[in-house]
Every structure is written in C-alpha cells, then in structure tokens.
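Each remark here refers to the structure printed beneath this line.
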Amino acid sequence: MTDTLTIPRPDDWHLHLRDGAVMEGVLPYTARQFGRAIVMPNLVPPVTTSAAAAAYRDRIVAALPEGSAFTPLMTAYLTDATDPADIRAGFEAGVFTAAKLYPAGATTNSASGVTDLANVRKVLETMAEIGMVFCVHGEVTHAEIDIFDREAVFIERTLAPLVRDLPELKVVFEHITTEEAADFVAESGPNVAATITPQHLHINRNAMLVGGIRPHAYCLPVAKREHHRLSLRRLATSGNARVFLGTDSAPHAREAKESACGCAGIFNAPYALESYVTVFDEEDALDAFEGFASRNGPAFYGLPVSEETVTLVREEQQVPDTLELAGTHYVPFHAGETLGWKLAD
Ligand code: DOR
Ligand code: ZN
C-alpha cells in the first residue's frame with residue numbers, strides 16, 4: 001500500500017480568491033498547497049480589463065505570506081462589450097493567462113456576463129489566434145431549463161457548436177458535473193480540456209437534500225445524480241491528459257450560506273489536495289494522481305511543471321467545523337470529517 005506520495009507542486013486551475021480582507025484570509029490556504037492558480041474574475045465590480053487584472057494581481061501578490069512563491073494567473077471576465085484589443089494586449093503583456101465565460105445570470109456575480117456567444121466572437125477569434133485559453137462556466141441560464149439539465153443543454157446548444165466552428169480555440173470546460181460533459185471531453189480533440197472539483201468527485205445531490213437542506217454542499221453547477229459522480233471519478237482517474245485539477249474553491253461567510261437565499265460555493269481550499277487524493281486512493285488510482293494534479297494542467301496551458309514537490313502522507317486529520325477568516329466564520333468542505341491523508345509541511 002502506498003503511504004507517501006511525492007509529486008511536483010500542483011496548481012489550481014480554477015479558484016475564487018475574492019478581494020480585500022477575505023482574500024488575505026483565504027490566500028494562505030491556497031499558497032500552502034499550490035504553486036499557481038487561475039484566479040476567477042467575478043469580483044464586484046468584475047475584472048473586465050487588463051488594467052483591473054494587473055491591479056488585482058498586485059493586491060494578491062502583496063497579500064502573500066512571507067517567502068511564498070505562489071503565482072496568481074489572471075483571467076479576464078468577458079462581457080458583451082469586451083475589447084479584443086485589450087484581451088490581446090493583456091495576454092501579450094503577461095497579465096492575462098485566460099479569459100472566462102460567465103453566461104449572464106449563471107452564478108455568483110455573473111450579471112455582467114455574456115448574453116450570447118456571438119457578442120464575443122471577435123474576442124474568441126483573437127484568443128484562438130494567440131493561443132489564449134477560454135475558461136467556460138458551462139450552463140445555460142434560460143428559465144425554462146431545469147437547473148439539473150443546464151450543463152447538458154449547454155453542451156448541445158453552445159459548446160459543441162463553438163468547438164465545431166472554432167476548433168483552434170483552447171477551451172477548458174470548467175467544474176464539469178455530468179456524464180454528458182465527461183463523455184464530451186473524452187471524445188473531444190486536443191484543444192478541449194476539463195477541470196473537476198473535489199466536491200463533484202465526493203458528493204451527489206443527495207448530500208444537499210437528504211435529511212434537510214445542507215447549504216454547505218451547494219455550489220454551481222449543482223451536484224447531480226450518483227451516476228454522474230461516478231463518471232466524473234472514472235474520467236478524473238483515467239489518466240486522460242486533458243483532465244485536471246480545479247477546485248472552484250468559493251468562500252462565502254457562514255451566514256451567507258445558511259440563509260433563505262444561500263450563496264453558491266464550497267470553500268475547499270484548506271484541504272483540497274487531501275480531498276482529491278482520497279478519491280484517487282478509493283479508486284485505486286494513486287498512480288494517476290500526479291498527472292491530474294501536477295502535469296496535465298501545465299501541459300494544456302503551455303506552462304512548465306513545478307520544480308518544487310509536495311508530499312502527501314496517509315495520516316488521519318480532523319477537519320474543523322469552521323475556520324475564522326477576517327473575523328467571520330467559514331465552513332470548509334469536509335467540515336467535521338476525518339480525512340485519511342495529510343499534506344506534509
Ligand atoms: O458555486 C459557485 N460559486 N459557482 C460559481 O460558478 C461561482 C462561485 C462563487 O463565486 O461563489
Ligand atoms: Zn468558479
């Protein structure tokens with residue numbers, strides 16, 4: 001039995017760091033585990049320009065713990081009015097690593113998102129030309145589409161046609177939650193990749209709804225039926241080089257989650273690697289963990305694999321019920337559970 005796993009320091013290819021005091025509180029958890037992270041731009045107001053992204057990057061770097069080598073990789077929040085010239089300039093200047101599609105109304109702070117992909121066609125053509133990654137929140141938002149079907153319908157109506165029309169564009173289908181998405185990615189060509197969160201590998205929709213409404217298991221896209229979870233576990237552990245780690249860690253204060261209209265998002269950053277490695281261990285696929293966590297993401301983004309390493313050891317640790325950040329309580333993923341793995345210091 002493998003009890004110790006040493007791998008190149010992983011990156012988080014999808015992360016919400018927020019801003020201000022909350023960012024200062026959550027950043028050390030990510031910087032302890034990961035070398036780089038793709039930082040989501042859904043602040044209020046959203047990070048829509050290269051100037052705003054450069055300023056946000058500076059605030060993150062200034063808040064890093066002493067001696068941390070963590071590198072934030074910035075994203076542009078696309079709107080119907082995004083200027084392709086600013087995307088190109090930001091990418092060429094090394095400010096932007098990727099651009100993010102929030103279909104308008106899909107999730108937290110997505111009101112200024114894109115209402116129709118046709119409105120960002122020039123931006124996407126520019127990105128295809130310069131090799132910039134397009135990160136996609138893949139859900140339709142039409143009121144008549146059931147929330148559990150929104151990802152599958154997005155593939156049919158939006159993603160499959162896009163990939164057909166613009167095959168040179170590098171697309172990351174983020175935080176996939178369905179068998180349809182897993183199949184779509186598995187059957188796609190070299191320019192389509194996916195990230196998978198820890199929660200979508202661990203929980204199905206029962207975790208949210210059985211025995212009472214459990215707001216800390218609620219995120220978007222929402223967890224689906226068990227067969228979807230099982231297909232995500234198969235894909236994550238399959239060794240497919242176009243599938244990699246992206247936590248979608250999305251902290252919201254406890255009272256904002258435990259509310260009549262609770263916020264979507266699971267704060268999984270503090271124990272992210274332990275959470276993922278548990279899945280690979282349960283699937284008897286520890287040999288596939290290094291690719292998923294450390295190698296596939298850099299390869300897709302054209303970035304070097306970390307020269308540092310981290311070590312995970314088979315050792316029990318108790319996850320606290322809450323963590324206090326910026327004077328407020330946050331409930332981490334796996335709160336109150338015992339995890340069987342631990343990141344060595
Ligand atoms: O659950 C989610 N939370 N999904 C998202 O897409 C956004 C995120 C957030 O920013 O809270
Ligand atoms: Zn997200």
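Note: Cβ is positioned from N, Cα and C throughout, glycine not excepted.
TrEMBL: automatically predicted annotations, no manual curation.
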Next item on the list: Report the candidate from ASP248, ASP281, ASP284 that shares the Zn(2+) 1 site with HIS14, HIS16, LYS100, as recorded in TrEMBL.
Entry: ASP248
Notebook entry, point to check: Which of ALA54, ALA55, ALA207, ALA264 shares the substrate site with HIS16, LEU17, ARG18, ASN42, HIS137, LEU220, HIS252 per TrEMBL?
Noted result: ALA264
Item checked: TrEMBL annotation, Zn(2+) 2 site containing LYS100, HIS137 - matching residue among HIS175, HIS200 -> HIS175
Checklist line | HIS175 (Zn(2+) 2 binding site): secondary structure state under DSSP, collapsed to three categories | finding: coil
Next item on the list: Check the binding-site residues HIS16, LYS100, HIS175 for any whose Cβ is under 6 angstroms from an atom of ligand 1, and report them in sequence order.
Entry: HIS16
Notebook entry, point to check: In Å, rounded, how far does the Cα of ARG18 (substrate binding site) sit from the Cα of ASP248 (active site)?
Noted result: 12
Item checked: Using Cα positions only, nearest of the recorded positions to ASN42 (substrate binding site) (HIS14, LYS100, HIS175, ASP248) -> LYS100
Next item on the list: Spatially speaking, which of the recorded positions LYS100, HIS175, ASP248 is closest to LEU17 (substrate binding site)? Use C-alpha to C-alpha, please.
Entry: ASP248
Note to self: Spatially, which candidate from the binding-site residues HIS16, HIS137, LEU220, ALA264 is nearest to ASP248 (active site), comparing Cα atoms?
What the structure shows: HIS16
Notebook entry, point to check: Rounded to an integer, what is the Cα-Cα distance in Å between HIS175 (Zn(2+) 2 binding site) and LEU220 (substrate binding site)?
Noted result: 9
